[in-house]
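A quick write-up on the structure given underneath.
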Amino acid sequence: MMNHKELVLFAVVCLSLYQAVEPSQDVVKDMSLNFRKGLDACKKELNLPDTINSDFNRFWNDDHVVTNRDTGCAIMCLSSKLELVSDTGLHHGNTLEYAKQHGADDTVAQQIVDLLHSCAQAVPDLEDPCLKVLEWAKCFKAEIHKLNWAPSAEVMAAEMLAEV
């Protein structure tokens, strides 16, 4: 049985963990919503079908597996437009700033960059750049879910409807 001090300490730890996850979910949500703003321009530029909208709308759903090559092409286009990647790969400085612009503190922003960097290193060296970026995105999604930072489907749907 816990004594009063142990119970208070346990409550403080639980609250601090909750508060660390909630803002991180907000950061990922805000980054995602801003990231997709250029989607129509990328679809037009690359002549991509509207079917990729479903992948973007459901991206953070744990049960949704993204397999469409065109979605990888769109992610690559959006990342380039936001200057998050260059010809040599992830642009760490710009990605760090992008996370901070969407509410991340230094620690969360660095963790996001580290996750993206780790995923870039972990994906197989595929010849097709769209498929490579798709694998990179799937890795990042899985890592964000492990941290419990993925925004809920309900929150994302409500935010997207609010933007329309």
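Cβ coordinates come from backbone N, Cα and C, glycine included.
What Swiss-Prot records for 1-23 is signal peptide, and it gives experimental evidence as the kind of evidence. Under the heading disulfide bond, Swiss-Prot lists Cys42-Cys77, Cys73-Cys130, Cys119-Cys139, citing similarity to another entry as support.
Checking each of the disulfide-bonded residues (Cys42, Cys73, Cys77, Cys130) against Cys119 (disulfide bond), the C-alpha distance stays within 10 Å for none of them.
Cβ neighbour count for Cys139 (disulfide bond): 18 (other Cβ atoms within 10 Å of its Cβ, all protein chains included). The Cβ of Cys77 (disulfide bond) lies under 8 Å from the Cβ of Gly38, Cys42, Glu45, Leu46, each of which sits 6+ residues away along the same chain. Cα of Cys139 (disulfide bond) to Cα of Cys130 (disulfide bond): a span of 14 Å. It is Cys119, among the disulfide-bonded residues Cys73, Cys119, whose Cβ has the fewest other Cβ atoms within 10 Å in the structure shown. Around the Cβ of Cys42 (disulfide bond), a 10 Å sphere holds 20 further Cβ atoms from the protein chains shown.
DSSP assigns Cys119 (disulfide bond) to a helical segment in the three-state reduction.
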